[in-house]
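Annotated features, as they stand in TrEMBL:
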- 1-27: region 'Disordered' (REGION)
- 38-60: domain 'Sodium:neurotransmitter symporter serotonin N-terminal' (DOMAIN)
- 97-115: transmembrane segment (TRANSMEM)
- Gly103, Ala105, Val106, Asn110, Ser345, Asn377, Leu443, Asp446, Ser447: Na(+) binding site (BINDING)
- 127-148: transmembrane segment (TRANSMEM)
- 169-197: transmembrane segment (TRANSMEM)
- Cys209-Cys218: disulfide bond (DISULFID)
- 260-277: transmembrane segment (TRANSMEM)
- 289-315: transmembrane segment (TRANSMEM)
- 335-359: transmembrane segment (TRANSMEM)
- 371-396: transmembrane segment (TRANSMEM)
- 416-441: transmembrane segment (TRANSMEM)
- 473-498: transmembrane segment (TRANSMEM)
- 504-527: transmembrane segment (TRANSMEM)
- 548-567: transmembrane segment (TRANSMEM)
- 579-604: transmembrane segment (TRANSMEM)
Amino acid sequence: MEKKATSNETQLLTSKKDVSGCNEEEDCRENELLIRNPKSGDKEEAAPISNGYSGVQSSGPCNGMGGVEDAQCTAPAGQQQLMELEDRETWSKKIDFLLSVIGYAVDLGNVWRFPYICYQNGGGAFLIPYTIMAIFGGIPLFYMELALGQYHRNGCISIWRKICPIFKGIGFAICIIDLYVASYYNTIMAWAFYYLVSSFTTELPWTSCTNAWNTGNCTNYFSKDNVSWTLYSISPAEEFYTRQVLQVHRSNGLDDLGGISWQLTLCLLLIFTIVYFSIWKGVKTSGKVVWVTATFPYIILFILLVRGATLPGAWRGVLYYLKPDWQKLLATEVWVDAAAQIFFSLGPGFGVLLAYASYNKFHNNCYQDALVTSTVNCMTSFVSGFVIFTVLGYMAEMRNEDVSEVAKDTGPSLLFITYAEAIANMPASTFFAIIFFLMLLTLGLDSTFAGLEGVITGVLDEFPHVWSKRRELFVLGLIIICFLGSLATLTFGGAYVVKLFEEYATGPAVLTVVFLEAVAVAWFYGITQFCNDVKEMLGFAPGWYWRVCWVAISPIFLLFVTCSFLSNPPELRLFDYNYPYWTTVLGYCIGTSSVICIPIYMVYRLIVTPGTLKERILKSITPETATEIPIGDIRMNAV
């Protein structure tokens, strides 16, 4: 059925003949469309993009002229290419976007990973490499992704048509990585939910050694009796975590995971239900949910910080946290840890920043947004260290041990064993346990919303004719896939699977993805073109500092971290289980399964593109579709 033109729709398709009349490096205006001649010798036609939806480029004009008949264009291969001509959804308010990005960047890792990395790598001295890596690596990459998403208004897959088509495999790799993350990250939230439900009692279940899951080694040194802590002693909090929540004693390792925990399965099912009804309608609904999930953690962090500061021995923890060890700055691994921490904390490379920014208004100040949200994220990590280490100092005081002995737990164990145990022995322990695990849930939900939105936006923008009207159905299918993919992490040995995925399946893969993304934008799309795009949006071009970071420093930063990781892979150990060598190989295989999309698509692209090898390469690195930019009340397209 023929669609009539409205103020929000662009129905004119500019043919190759139209573009050929433009002089090199000049703009042509025809039928209210702005066409930029991107490169000398570029013979690709510029097809309009309607409000962020990608049109599929054909090698010749449709119907022999620049019009669109029945809103469709028949490609030479005979396939019907459908142009979606609807307004792209935008954030209801600017604050919705900011809270969503902050909620995504500030996650569980800010609470457990940064404090541990900080004291392990020189305390206060670690803040120097951390700040340097943030200024020259993390924040420029963060800004770059926000600017790309806002200008081109596309998800992680279809955006590459407008940047450098041969790198489109990056988008598919990002979607696979996001699915891997969803398969284990939400299981950690299921653990937190289990703790939350268990907290609604007058006496928290991990405070005593008289429960059915406790062993003879259980030692409650907080009891009024004189109890001595030995090498074989296990706290009731640790036994609750390992034997009641995870039940790892019923598994022999990755080669024998055991059965599925029905309790954790129910917890995860409820979490995915919450996630579905928060994101099924798009950013209009998720933008409202983050008003709670993004702000609530800060209220709880403040309450826990005040409570921790009033505990006996808190000063010992703070001193241990911040006491500088300047000799550590000479160690390469400290700089590697600083780079990895800032990168994974800000979170470029997961398609989330591209997706969220694509729903912004064209002239939104994403430069200011990048600085504000990245600063909030880094400050949250720093303050979380005080929340954790005041409590660790209290634990050391109660055990009459050094803080270093108490702070041996890393990762989730720092929260579910050490911090949970400290809370259980505070006055009003039930209250503090409830708000603490609620905080963990809200921190995790924000990141889950974001990760899945990266996949949803990427797929819907790539296949608008299939899914644009069926978002709710697609989101439901995606949630079901993520739930089924999480079943291995819900087994009695699921904690071993979570550790494997966390260390190997996503880390090196996402580093590789962002490295290639930075190279594609700065060296293939062109740093001058990218800065011109930013100037069109913001009214000013990025300065030399940003240009140097995007062209050289940030890619070197990523290459440095990636090579350091691959040259010295971590030796995995969880509880008393040492990961065998074959699990390392398995982890790398899982990580490679996402990155392999990039070279596969490059080969596929070169095969299907007509012409000589040189012509194929040139066509594959030349933007093939237009980017719509608003000028006043008129929407215009530019390549």
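Note that Cβ sites are derived from N, Cα and C of the backbone, with glycine treated the same way.
No curator has checked TrEMBL annotations; they are predicted automatically.
Feature map: annotations from TrEMBL on the structure.
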residue : record             : Cβ within 10 Å
Gly103  : Na(+) binding site : 27
Val106  : Na(+) binding site : 27
Cys209  : disulfide bond     : 19
Cys218  : disulfide bond     : 20
Ser345  : Na(+) binding site : 23
Leu443  : Na(+) binding site : 26
Ser447  : Na(+) binding site : 25
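Only pairs six or more apart in sequence are counted, and the transmembrane segment (260-277) with the transmembrane segment (473-498) gives three or more Cβ pairs under 8 Å, enough to call it a contact.
Across all of the domain 'Sodium:neurotransmitter symporter serotonin N-terminal' (38-60), the predicted model scores a mean pLDDT of 37. Within 8 Å of the Cβ centroid of the Na(+) site, not counting the listed residues Gly103, Ala105, Val106, Asn110, Ser345, Asn377, Leu443, Asp446, Ser447, the chain contributes Ile102, Tyr104, Asp107, Gly109, Gly347, Thr380. Among residues of the same chain six or more beyond the transmembrane segment (579-604), those with a C-beta under 8 A of the stretch's C-beta atoms are 166-170, 172-173, 176-177, 180, 253-255, 496, 499-501, 503-509, 512-513, 516, 569, 571-573, 620.
Sequence-distant contacts of the transmembrane segment (416-441), counting only residues of its own chain at least 6 positions beyond either end whose CB sits under 8 Å from a CB of the stretch, comprise 108, 111, 189, 191-193, 195-196, 199-202, 204, 206-207, 222, 235-238, 240-241, 245, 271, 296-297, 300-301, 303-304, 307, 311, 388, 391-392, 394-395, 398, 406-407, 409. Simply put, out of 127-148, 169-197, 289-315, 335-359, 548-567, 289-315 has the most Cβ pairs sitting under 8 Å from the transmembrane segment (371-396). Beyond its flanks by at least six residues, the transmembrane segment (97-115) meets 91, 146, 188, 283, 286-287, 290-291, 293-295, 297, 321, 341, 344-347, 352-353, 356-357, 359-360, 364, 369, 372-374, 376-377, 380-382, 384-385, 387-389, 410-412, 414-415, 440, 443-444, 446-447, 449-451 of its own chain at Cβ-Cβ distances under 8 Å. Against the transmembrane segment (504-527), stretch 169-197 has more CB pairs under 8 A than any other of 127-148, 169-197, 289-315. The highest tally of CB pairs under 8 A with the transmembrane segment (127-148), across 169-197, 289-315, 473-498, 548-567, is held by 548-567. The recorded stretches the transmembrane segment (169-197) and the transmembrane segment (548-567) do not share 3+ CB pairs below 8 A when only pairs 6 or more apart in sequence are counted, and are therefore not in contact.
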